[in-house]
Amino acid sequence: MDHTISYGILVLVSVFLCCLFAGDCTTFAFINRCDDTVWPGVLSNSGSPPLSVTGFALPAGTARSLLVPSGWSGRFWARTGCSFDDAGRGSCATGDCGSGQVECNGAAAAPPATLVEFTLGGGGGGADFYDVSLVDGYNLPVGVAAEAAGCGETGCAADVNRVCPAEMRAGGGAACRSACDAFGTPELCCTGEFASPSTCRPSAYSEVFKAACPLAYSYAFDDATSTFTCAAAQRYAITFCPNSTPRSTLFL
């Protein structure tokens with residue numbers, strides 16, 4: 001057996017055993033309130049253990065849970081307009097990870113895509129940090145809620161595609177590019193001489209995102225209103241197309 005595959009299997013087994021015997025895991029419930037199937041993608045950040053699932057289909061009106069170990073950091077997103085054959089091979093119109101499969105296998109979403117980003121606290125009771133980001137653009141509404149008192153909800157419930165500037169529309173109006181992705185200038189991408197909060201300021205384009213989704217990251221240094229923390233949650237709900245979902249029904 002290939003040594004890389006063997007190592008990957010050992011990591012996944014160790015994560016499972018940690019969750020099973022130490023109870024040191026967080027549950028993420030993915031809920032699809034959209035009219036159509038979405039295909040969530042999962043990407044672990046560098047240094048975080050890979051998860052056993054990196055992509056799956058989530059039909060309209062269904063939910064699925066995923067166990068994630070403490071200390072993990074990474075991102076989730078939803079792919080739309082996907083077409084996969086019986087062997088799981090195919091691609092998606094938005095949020096495609098380029099793996100050619102339902103599983104993303106360590107590949108990130110191609111912009112534009114609405115991202116949900118998490119850094120989970122360690123086993124010593126450290127706080128979780130989470131946000132919804134439009135820095136890579138927008139492809140569908142999403143909401144995040146913790147099953148714990150005192151933990152803020154965040155998300156982008158608006159249909160940003162309806163207010164997307166014409167020059168930033170993608171996929172025939174199925175998604176909205178970020179200004180950085182659309183124009184690529186250092187000022188809009190917060191790079192080069194603009195790579196700090198003092199030099200990279202909101203643009204007219206990022207303000208469109210912020211007006212539609214005040215709690216989401218609209219550009220790289222939009223930290224003050226967009227990063228959330230929670231010290232006690234063992235379960236989070238990530239709801240796609242959450243607009244008509246009452247708070248009390250987020251957890252299935």
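Cβ coordinates are placed from backbone N, Cα and C, and glycine is handled just like the others.
What TrEMBL says about a protein is an automatic prediction, not a curated fact.
The following features are taken from TrEMBL:
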type: SIGNAL; residues: 1-25; note: signal peptide
type: DISULFID; residues: C34-C241; note: disulfide bond
type: DISULFID; residues: C82-C92; note: disulfide bond
type: DISULFID; residues: C97-C104; note: disulfide bond
type: DISULFID; residues: C151-C230; note: disulfide bond
type: DISULFID; residues: C156-C213; note: disulfide bond
type: DISULFID; residues: C164-C176; note: disulfide bond
type: DISULFID; residues: C180-C189; note: disulfide bond
type: DISULFID; residues: C190-C200; note: disulfide bond
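Taking the features listed in TrEMBL, we show where each one sits on the structure.
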{"residue": "C82", "record": "disulfide bond", "contacts (Cβ under 8 Å, 6+ apart)": "T37, W39, A57, G90, S91, C92, A93, D96"}
{"residue": "C151", "record": "disulfide bond", "contacts (Cβ under 8 Å, 6+ apart)": "F228, T229, C230, A231, A232, A233"}
{"residue": "C156", "record": "disulfide bond", "contacts (Cβ under 8 Å, 6+ apart)": "T114, V132, L134, Y138, P141, V142, G143, A212, C213, L215, A216"}
{"residue": "C164", "record": "disulfide bond", "contacts (Cβ under 8 Å, 6+ apart)": "Y138, G173, C176, V208"}
{"residue": "C180", "record": "disulfide bond", "contacts (Cβ under 8 Å, 6+ apart)": "V135, L188, C189, C190, Y219"}
{"residue": "C200", "record": "disulfide bond", "contacts (Cβ under 8 Å, 6+ apart)": "E187, C190, F194, Y219, A220, F221"}
DSSP state at C189 (disulfide bond), helix/strand/coil: helix
Let me know the DSSP-derived helix, strand or coil state of C176 (disulfide bond), please. strand
Validating a neighbour-count step here. Other CB atoms within 10 A of the CB of C104 (disulfide bond): how many? 24
Within 10 Å, the Cβ with the most other Cβ atoms among the disulfide-bonded residues C34, C97, C176, C189, C241 is that of C176
Name the secondary structure element type, per DSSP in three states, that contains C200 (disulfide bond). coil
Neighbour count check, CB within 10 A, over disulfide-bonded residues C92, C230; minimum at C230
Three-state secondary structure of C92 (disulfide bond) from DSSP? coil
Go through C190, C213, the listed disulfide-bonded residues, and name the one with the sparsest Cβ surroundings, counting other Cβ atoms within 10 Å. C190
Quick one: Cα separation, C241 (disulfide bond) versus C97 (disulfide bond), in Å? 21
Pairwise Cα distance for C34 (disulfide bond)/C104 (disulfide bond) [Å, integer]: 21
